[in-house]
DNA sequence: GGAACTTTCAATTAC
DNA sequence: TGAAAGTTCC
């Protein structure tokens, strides 16, 4: 695929270098192609060095895919130094060099949302998950609007905001004491730096001379400002977006940023991409008819030349278990009939928990699957254990990491000792690690606890010294041996979970080792990077295994699959109850739109009559979005009078039947 | 101090 | 239904 093979607007978007450019790109209209081609064009025709170009995406997955595609267009030496990353990784890249200018040391830690929630819950002195979440998202909103704690306190309009603002103040102090940043800081701090430090701004403007921003409709105020600051008055950038696919308002994303762009850059050139290369006309029509229920920001009409295609299917299932079996059964039948690969299928859903039943049923029937999105890998205790050590080695002031590492594996230091240490550290205004090394501690902690504590600190300190000098891989393996982690796993667990946990740890080690070698990064840098990654990627260039993709709707954005099952199309799930209650149905509709437009050839929507929720049966209504699809383009299964409703037992029986047929390679008797 | 037991409560979405 | 927090016991 070269520029000559592109359609006229795509080509125009690639070649336009006269100033700021906005590309309004409908779903499947080849926007990734435009970005990758444009990078190659900038280098080949624009006389620009790859190290002066930055492409910004929203997920690591998208970044990786983009880098791979650029690699096919440009020789390795021409693409060297190219920045392709998420906003957060770009912020990290900037802060690694500029940390001292914003009050941090270069080895700062990055806290994930769970760590941040823990700090907030300690400050709030509450256990209510809901309360913690509300405060956490309020703080995040303030940060994204670049509001300092003091200003938040002054501007607080009600009791909740006053409480949240006070927590915000303490929270920031705590982060600074830990020398830790949260995700929002990774973008907020560079913006604050660039707003106040002319020299730093000019340095980075000189480095990043051309910016390409993907999924522009999902930028929040802070990200918008970062782009604006880096682009400067020259405004050399290409922003690509689709207002109909804006699904991150809850994270502060502001579709208005799309509308704001022409105001900020009067010279802005706008190009629309309206030809869809992905889906059949029926799928596209369904998507258009759903989204037409939303008000429009920009007028555009998507069309496709890929033929009418099959009607969509809406399947009613007896319950969530039946739904999982229905998907498995239909998928296997379809695969058998059409001789497709497992990788041609995706199951999409609103919430991560919905994947659980699908996983269970797929495992039962030996359907290979791969889950993308979600944070399950990092939620695992064994991964957090190891990362705790790595974070502490990189940054001894990281108290949460200290607590995790010093108590795992158990070394005779428990809550009582930690409380004493914490009290002492509080009096002295130092981190737990520093406190543990001070002589003043001797009278307050028993020698039996003091001794292992100091041994632990000595060890961490020695490793910290080596972490910036030696390759990461061998160092981590040495660490695991030293703390006898494998043995500890087997001592405290049944053999089976212990084995799988150790396997996960090995996987993490392997990833760190490969990444360290490939990018020449030391342990400190790797530890910072890993906080931003949701799933371990396989080896570079290695082919992905043939598996059905399981993904949330959010994580599926930008991806496409020949055959898609969109499960849980019910009121309360899609649209989500919270969104219905808070008048955010339009965003849910866009989410539905994103889901529909992932499909290339067939799309199956399912909903249940009832489902189990926290152990209780709940009755469900089909989603209003199913009703918004043209009747001509959709077939219903399992509605009263039609015999297609799949129950658990029927589903199981059909599956058994199918497996038999597959095994014996007979043709299905339907 | 730490393992083993009992009770409680909760499930948007993600860098 | 299942994980996380609280409680008891050695």
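Each Cβ is built from the backbone N, Cα and C atoms, and glycine gets one as well.
What TrEMBL says about a protein is an automatic prediction, not a curated fact.
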In TrEMBL, the residues A:25, A:26, A:27, A:28, A:29, A:30, A:31, A:32 are said to bind ATP. Which of A:263, A:267, A:278, A:282 is said to bind at that same site? A:278
Taking every protein chain in this structure into account, which of the binding-site residues A:25, A:27 has the most other Cβ atoms within 10 Å of its Cβ? A:25
Return the residues near residue A:29 (ATP binding site) by Cβ distance under 8 Å, restricted to its own chain and a separation of at least 6 in sequence. A:273, A:274, A:275, A:276, A:277, A:302
Relative to the Cβ of residue A:278 (ATP binding site), which residues of the same chain, six or more apart in sequence, are found under 8 Å away? A:27, A:28, A:304, A:306, A:560, A:597, A:600
Could you measure the widest C-alpha to C-alpha distance across A:25, A:26, A:27, A:28, A:29, A:30, A:31, A:32, A:278, the residues recorded as binding ATP, and give it to a whole number of angstrom? 13
Which residues does residue A:31 (ATP binding site) neighbour through Cβ under 8 Å, counting only same-chain ones at least six apart? A:23, A:25, A:214, A:240, A:242, A:273
Same-chain neighbours of the ATP site, Cβ within 8 Å of the mean position of the Cβ atoms of A:25, A:26, A:27, A:28, A:29, A:30, A:31, A:32, A:278 and not counting those residues, run in sequence order as A:242, A:273, A:276, A:277
